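Engineer: Pasting in a structure now, in structure tokens, and then I'll have a few things to ask.
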Amino acid sequence: MNKNFPFTINPLPYGYDVLEPVIDKQTMEIHHDKHHQAYADNLNKILEQNADKQKLGLEELMKSDIAGIKNNAGGVYNHDFFWSVMTAPNTSKMSESLKVVIEKNFETVDEFMSKFELGGLGRFGSGWVWLVKTTDGKLEIVSTANQDNPLSDGRQPVLGLDVWEHAYYLKYQNKRVDYVKAFWQIVNWVKVEDLLNNS
Ligand SMILES: [Fe+2]
């Protein structure tokens, strides 16, 4: 991704069909090539009219008080993040060291998963659920509306799930719960641990 104006999106880091059957190829094509691309295109269009903002990086733009800039910058950032924390089904396992950290913060892995699922299911309308690292190193589950990102209030995402209908509707229709529960099969735990330790 281009870190400055004009912004571009990262290519998908794997094939469109790699997440099947959890996320189908057509959903990935539309989600990456249409939705994600549109956030970058729209952001660039708005910045063309706001020359004073063209020098700002994506994280700054995500805090903009201009709604169009904030939402589209978040859309670019969040989706690049989302693709990076997924991998082919059942190919990634949580390491013992990550498990220890999760248990320290949530008592059990099951409790963590349940809280994350509830965050995704409880988000009314469009948004995201995140596992974040706070400034004092604790892990928390947070849900954000639209394309907001916890980074904007100082919390570092280490895992995120898009719960906009465009992320799951073709395959799961109204059953967001099935999509959220299936997500565990495609989490890239190596990436999550890397984000936890190095960001
Ligand atoms: Fe999305």
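Cβ from N, Cα, C; glycine included.
Note that TrEMBL annotation is computational and uncurated.
Straight out of TrEMBL:
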- His31, His79, Asp162, His166: Mn(2+) binding site (BINDING)
- 7-86: domain 'Manganese/iron superoxide dismutase N-terminal' (DOMAIN)
- 96-193: domain 'Manganese/iron superoxide dismutase C-terminal' (DOMAIN)
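So that I understand the layout, could you describe where these features sit and how close they are to other parts?
Structural biologist: Taking Cβ-Cβ distances under 8 Å and a sequence gap of 6 or more within the same chain, the neighbours of His166 (Mn(2+) binding site) are Ile30, His31, His35. His166 (Mn(2+) binding site) falls within a helix when secondary structure is assigned with DSSP.
When the domain 'Manganese/iron superoxide dismutase N-terminal' (7-86) is classified with DSSP, helix, strand and coil residues number 49 helix, 1 strand, 30 coil.
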Engineer: I'd like to know the mean pLDDT over the domain 'Manganese/iron superoxide dismutase C-terminal' (96-193).
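Structural biologist: Here the predicted model's pLDDT, averaged over the domain 'Manganese/iron superoxide dismutase C-terminal' (96-193), is 97.
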Engineer: Which residues, same chain and not among His31, His79, Asp162, His166, have a CB within 8 angstroms of the centroid of the CB atoms at the recorded Mn(2+) site?
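Structural biologist: These residues sit around the Mn(2+) site: His32, His35, His36, Phe82, Trp164, Ala167.
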Engineer: For a three-state summary based on DSSP, what are the helix, strand and coil counts in the domain 'Manganese/iron superoxide dismutase C-terminal' (96-193)?
Structural biologist: 52 helix, 22 strand, 24 coil
